[in-house]
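J.: Just passing along the structure, written as structure tokens.
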Amino acid sequence: MKPSERICAALDFPTFAAAEPFARAVAPEVGLLKVGLELFAAEGPAAVRGAARLGRPVFLDLKLHDIPNTVEGAARSAAASGAALLTVHAAGGAEMVRAAVRGAGPGVRVLAVTVLTSLDAAALDAVGLAGPPEAAVVRLARLAVVAGAGGIVCSPHEVAAVRAAVGPGPLLVVPGVRPAGAAKGDQARVATPAEAVRAGADVIVVGRPLRDAPDPAAAARAIAAGL
């Protein structure tokens, strides 16, 4: 995999009209484009189709978490929109993950989100998940892979432990990456792009450091050069 192919640019914008100039600029420099909740809530499948027209696979990051039947239907609809990857919460349980895989079909890779990168140990303890984040992440990753997930989403702090737990097959997608010196924002468990890849990440998700850069394409090239 070329370094640029490891970068997923997050289209964190309120509308596709706002996202499109950025997406067109970075698409030649990255491997994937991510449509998240904000953009999908505003425009639905049209946002996925618009991003796909730019020639890169689309990562639809909805983090589905509902009863299995509902998630299966949502995954089927996501596949019909043209998404290549789709996220669900591993905490929804093994049957929910299996339902998502059935609904998505063979053309869409279902990724299971373990623990959000905005949560630290204190935040996890407050919601009843006592102990280090790594333990929860590894437990959820194993559950999801056994249930058929094609990949795992985890922070750069846990990616090495997840790789050791699930083996070489699943795609490991890592948000919460920030170039050296960049602001952390609302992320609690972060690392640089190079650190994440060295730890075992296949794909890194980059949002604000690209979106807020004066020249997003140049920023993407700089990240790729450091991988």
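Think of each number as a place in line: the chain as shown, counted from 1.
For all residues, glycine too, the Cβ spot is worked out from N, Cα and C.
Quick paste of what Swiss-Prot says about this protein:
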type	residues	note
ACT_SITE	K63	active site, proton donor
BINDING	D12, K34, 61-70, T117, R178, Q187, 207-208	substrate binding site
J.: Restricting to the same chain and to sequence separations of six or more, state which residues have a Cβ under 8 Å from that of P68 (substrate binding site).
T.: G93, E95, M96, R98, A99
J.: Cα of G207 (substrate binding site) to Cα of K63 (active site, proton donor): how many Å, rounded?
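T.: Cα to Cα, G207 (substrate binding site) and K63 (active site, proton donor) are separated by 17 Å.
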J.: In which DSSP state, out of helix, strand and coil, do we find T117 (substrate binding site)?
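T.: For T117 (substrate binding site) - judged by DSSP and reduced to three states - the answer is coil.
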J.: In DSSP terms, helix, strand or coil for P68 (substrate binding site)?
T.: helix
J.: Round to the nearest Å and give the CA-to-CA distance linking the residue listed as 'active site, proton donor' with D12 (substrate binding site).
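T.: Here the two Cα atoms lie 15 Å apart.
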